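According to Swiss-Prot, the protein carries these features:
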type: ACT_SITE; residues: Cys1135; note: active site, nucleophile
type: ACT_SITE; residues: His1260; note: active site
type: ACT_SITE; residues: Glu1262; note: active site
type: BINDING; residues: Gly307, Ala308, Ala309, Thr310, Gly311, Ser312, Gly313, Gly314, Glu315, Ile316, Arg317, Asp318, Ala678, Ser886; note: ATP binding site
type: BINDING; residues: Glu718, Asn722, Asp884; note: Mg(2+) binding site
type: REGION; residues: 305-327; note: region 'Disordered'
Amino acid sequence: MMEILRGSPALSAFRINKLLARFQAARLPVHNIYAEYVHFADLNAPLNDDEHAQLERLLKYGPALASHAPQGKLLLVTPRPGTISPWSSKATDIAHNCGLQQVNRLERGVAYYIEAGTLTNEQWQQVTAELHDRMMETVFFALDDAEQLFAHHQPTPVTSVDLLGQGRQALIDANLRLGLALAEDEIDYLQDAFTKLGRNPNDIELYMFAQANSEHCRHKIFNADWVIDGEQQPKSLFKMIKNTFETTPDHVLSAYKDNAAVMEGSEVGRYFADHETGRYDFHQEPAHILMKVETHNHPTAISPWPGAATGSGGEIRDEGATGRGAKPKAGLVGFSVSNLRIPGFEQPWEEDFGKPERIVTALDIMTEGPLGGAAFNNEFGRPALNGYFRTYEEKVNSHNGEELRGYHKPIMLAGGIGNIRADHVQKGEINVGAKLVVLGGPAMNIGLGGGAASSMASGQSDADLDFASVQRDNPEMERRCQEVIDRCWQLGDANPILFIHDVGAGGLSNAMPELVSDGGRGGKFELREILSDEPGMSPLEIWCNESQERYVLAVAADQLPLFDELCKRERAPYAVIGEATEELHLSLHDRHFDNQPIDLPLDVLLGKTPKMTRDVQTLKAKGDALAREGITIADAVKRVLHLPTVAEKTFLVTIGDRSVTGMVARDQMVGPWQVPVANCAVTTASLDSYYGEAMAIGERAPVALLDFAASARLAVGEALTNIAATQIGDIKRIKLSANWMAAAGHPGEDAGLYEAVKAVGEELCPALGLTIPVGKDSMSMKTRWQEGNEEREMTSPLSLVISAFARVEDVRHTITPQLSTEDNALLLIDLGKGNNALGATALAQVYRQLGDKPADVRDVAQLKGFYDAIQALVAQRKLLAYHDRSDGGLLVTLAEMAFAGHCGIDADIATLGDDRLAALFNEELGAVIQVRAADREAVESVLAQHGLADCVHYVGQAVSGDRFVITANGQTVFSESRTTLRVWWAETTWQMQRLRDNPECADQEHQAKSNDADPGLNVKLSFDINEDVAAPYIATGARPKVAVLREQGVNSHVEMAAAFHRAGFDAIDVHMSDLLTGRTGLEDFHALVACGGFSYGDVLGAGEGWAKSILFNDRVRDEFATFFHRPQTLALGVCNGCQMMSNLRELIPGSELWPRFVRNTSDRFEARFSLVEVTQSPSLLLQGMVGSQMPIAVSHGEGRVEVRDAAHLAALESKGLVALRYVDNFGKVTETYPANPNGSPNGITAVTTESGRVTIMMPHPERVFRTVSNSWHPENWGEDGPWMRIFRNARKQLG
């Protein structure tokens, strides 16, 4: 039976206005829209009055918006029937954890009530199309129609393909019907194999074969034999990549054989809790570094949010599934798309060339895709610290004559680093009889055919198959699985995981055969043991769907009880679906129909299918020299600063958490003005050391339109000039991931790919001492469509993205582009040796040209000398600032340095050649360094010792003030106000934020950038930062116990425990499941801290589901009430813990006036480094800190203080319960965005009780308790940041 419960309004006023504006633009006479959430409860038994009231209370969440009786025509948007939304899974979990077992499932829809003039059927279809994503959602016209969401269908049996009766044609038909993308020789192979077995294949077997052998999974092109211009080539592409490892195997522990590569890390204290006691402690051991970079291009073109989200999610799983289990740590992301053409902000180089119907626009991709990728990382709890963004779309004269080149099929790059224990780097042995386990969520009818679909050019497959290959994301489920993996690796030798893979393309049909065959075993499986939410799925759908957030593992039979205990505690679902066999055979039994859908020798599935040969021709690019008439430097500057590749990326940065883990030493945002220009990302290896890891990206794809090999060399060179800015030491410590994107089969591209791989694998990397132990290829980068009567195609440039990873010696010595105005000199190190080539530059692109000669690595020895010289200068502390030269050339390098330093530039380019345009806009490799004037000679001498004497040019100095001036021989070449340039550079991000977020907030942030008087972040402390007020209490040897409380989806508990640990506490890991099952109580604890993250993925209101699981459970409710009423206890709630505790007002004495915390005014997750002041309040944690003003990490989507009315706010203020407020850089309490990131009244961001024993705050002190984890800090801070004081105050209060 289904029950319908009304919810709160679903759209804020500005969202409704945006929708109305879209309807107006489409000439649809819609005058009003009202939208509210509707909840549907599928019940297995009726609820009594109390239970009904409880369910209603559970479904009351979010900001208090006025709802009203709806008018107009109803359009109900719900998830597609036959799928279960992530919202539903989490909301149902909450209902069950609150004791409502009668609820089978909760689902949510949005009811839109449309008031409009007379609309035709076609117009109603347009309205409907605007209101839902057809890939994920459906539209009903009555609330009762939602019954279809809970319809259950009968299981369907396996079907077979009549090969023996109909011969080869049966396979050809099945290939088309199932979208298998099989090649002719593969059809021959299958015909032969099944004829020998003497039986017809089942659809599931063919599907499984297609997935396992798709280009996506098998990398046929990279393993192919090559004939170029009639000549047989000696090596495959993959062999040339492997050559880098054969030449330089140094520091690599695992390459080419696992889900990620592993290199040596540093010996540090890894901090985690003991399995038996729950007590956190440091464990001194090597933290080896794993690295992985994936692409998720096809799904992102079809449905950008889930496409990018599951791209990040899949890459995170790859990291977790390395060796015998590992820990993902920090991420990077990248996008290449066609031109944005932002409405009202179209740029002179952006022409509309059309696109296929079924893929979305570049603007849609860049609006939704980055949000999806960021949301997954945020909710999983992984900081996203690095990225790139390129737009390109043009008709150019390239290798194949004049044609359209661009990224209608986008690149969505997702990568990252993690850590792994030394004894878990290699996979274990799978013994016969080992249990084969699926860890993670249930099977669902989604993502069918992702592997085969992404191996086709976009526009070739059937639109319905495209629908089927879109996946959905549930990061909070993946977090639970990762917690299980963490518990396993933390057990060291007792780790129950023998072997682990993630489930990706092809679902279990790919993952399980890979798991057993990699372990040298076969497997026998039972189909009906697989967790499934949809009983009507066919065997093919159950076995082959790509439901996300799943891993496959082999666990020794005797370890299963331990594994079961770990999963139950973390509430991570799992199923034992089979066991490993001696015989290398794969069998899948279906007990419902008592038949065998799969019964195959493993070698038929994974055997040597025919090897591909690529027989290709070389084409030479024509390229026309840059036509320069009409190009002035002033116009070029403005255009280039508007090119998205060059322009400010804030809209891509602040949506992603950059502080979670407490181990981020360098994020994108640099300096007191938080400008996104960092050269590389840096994390600390642990919470107790200065060792670390760095990552950086290099890519220069447009150059491939002129010279394939140069483009590949530049990508390596740029990654190197980016990562050089931190203290790494020997270049052999740097390892690269190479991600290759190409339109295989397009004239000239295959030979070009071979040339590019050879340039990097056989020549450049071996010469530099660099290794490529990991990478990926995507070989179908082309879209085709019909535009009127014309066939069109858009082909991407050959695109190599290089991600560089390295161990860092000391994270404190990372140099940023932030200029200083002390007596200084700016030096350009020009690795282009004066070539100043303008082909395929940002300058060429903004004038709709390609040019003829591009930049290149001019001298490999000098590139190596450059890296070594910068490392020497970093180690000698001789660099004040550093920024590499890249897109936009020297002009952009200097401008970005000036933006970060909020200063002027007085530059002189006389020595850079007579062609001023080329001197300023060429994109040859190199960097600008800033040194003290007194050190200039010494620095030039170090550069000369490394063979760079002829590359070094003095180009002027940074000066205080607002003028950005470039001269040559006394003549002014260019002069502008730095503020004006800063505003031009910011206009793209402003326009994107206006479109995507609350436009008022976007306007406020943009306006703040034009204030030259802004002093930037600054610190005023009312206490001595170096005084340890806890020292006398720590000296007693007594360590009070603090319960570090987490719920499923919480992700900030480890750094919280570390902060309390440093202050003299015994930090104990307490999961809500421990309290609900009675394994642990709160009576032994002196302090309690509720940590940040996304409990239940913020479903049913941030922190509200967590709070209700306490309030609606009598025993746990009493446990908390007793704790809060016990004198001599302290409690802290941070972020999600703050939201949760604000909902426990009825249990916490003195908290009656606390507000609620709801959706930010920007309607967006905000990750900022914000200035707050400590106000006079009873809070015991903030004693002795009143009047201090200091920055703190902020990361939340629902942090806005909501009070009932003005009287409530006045009472909260007059009682003195406000503990922290946001202030602007002038020290004034603010409600202006983004200094106040969530729009809270009076800047309120922390409150306390009347006794001061319980304090709750939205910002994250635990993520910045170490100086090194602050995005910016004054030079004179030592190891401890000022926020360490609150943890020491806690220790002092407990005596």
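Every residue, even glycine, has its Cβ placed from backbone N, Cα and C.
Features recorded in Swiss-Prot, as mapped to the structure shown.
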residue: Gly307; record: ATP binding site; Cβ neighbours (10 Å): 28
residue: Ala309; record: ATP binding site; Cβ neighbours (10 Å): 32
residue: Gly311; record: ATP binding site; Cβ neighbours (10 Å): 27
residue: Gly313; record: ATP binding site; Cβ neighbours (10 Å): 30
residue: Glu315; record: ATP binding site; Cβ neighbours (10 Å): 31
residue: Arg317; record: ATP binding site; Cβ neighbours (10 Å): 30
residue: Glu718; record: Mg(2+) binding site; Cβ neighbours (10 Å): 25
residue: Asn722; record: Mg(2+) binding site; Cβ neighbours (10 Å): 26
residue: Cys1135; record: active site, nucleophile; Cβ neighbours (10 Å): 32
residue: Glu1262; record: active site; Cβ neighbours (10 Å): 30
For His1260 (active site), the three-state class that DSSP assigns: strand
Shortest C-alpha distance to Gly311 (ATP binding site) - which of the recorded positions Asn722, Asp884, His1260: Asn722
Residue pair Asp884 (Mg(2+) binding site), Ala309 (ATP binding site) - Cα distance, angstrom, rounded: 30
Non-site residues, in chain order, whose CB comes within 8 A of the mean position of the CB atoms of Glu718, Asn722, Asp884 at Mg(2+): Asn679, Ala696, Gly698, Gly717, Ala719, Leu720, Thr721, Ile723, Ala724, Ser886, Leu925, Ala927
Local backbone state of Ala678 (ATP binding site), from DSSP in three classes: coil
Minimum Cα separation from His1260 (active site), reported as the residue among binding-site residues Ala309, Glu718, Asn722 that achieves it: Ala309
Cys1135 (active site, nucleophile) and Arg317 (ATP binding site), Cα-Cα, nearest whole angstrom: 26
Listed in sequence order, residues with CB under 8 A of Ala678 (ATP binding site) and six or more positions away: Asn386, Arg666, Asp667, Gln668, Met669, Val670, Thr816, Pro817
Secondary structure content, the region 'Disordered' (305-327) (per DSSP, counts of residues): 16 helix, 1 strand, 6 coil
Residue pair the residue listed as 'active site, nucleophile', Gly307 (ATP binding site) - Cα distance, angstrom, rounded: 28
Glu718 (Mg(2+) binding site) versus Glu315 (ATP binding site) - Cα distance in angstrom: 23
Site extent for ATP, whole Å (max Cα pair distance, Gly307, Ala308, Ala309, Thr310, Gly311, Ser312, Gly313, Gly314, Glu315, Ile316, Arg317, Asp318, Ala678, Ser886): 32
Asp884 (Mg(2+) binding site), number of other Cβ atoms within 10 Å: 26
Integer Å distance between the CA atoms belonging to Glu1262 (active site) and Gly313 (ATP binding site): 26
Pairwise CA distance, Asn722 (Mg(2+) binding site) versus Ala309 (ATP binding site), rounded so that it is a whole Å: 26
Glu718 (Mg(2+) binding site) to Ala309 (ATP binding site) - Cα separation in whole Å: 27
Distance [Cα-Cα, Å, rounded] between Gly307 (ATP binding site) and Glu1262 (active site): 32
Pairwise CA distance, Glu1262 (active site) versus Ala309 (ATP binding site), rounded so that it is a whole Å: 27
CB contacts for His1260 (active site) [other CB atoms within 10 A, all chains]: 25
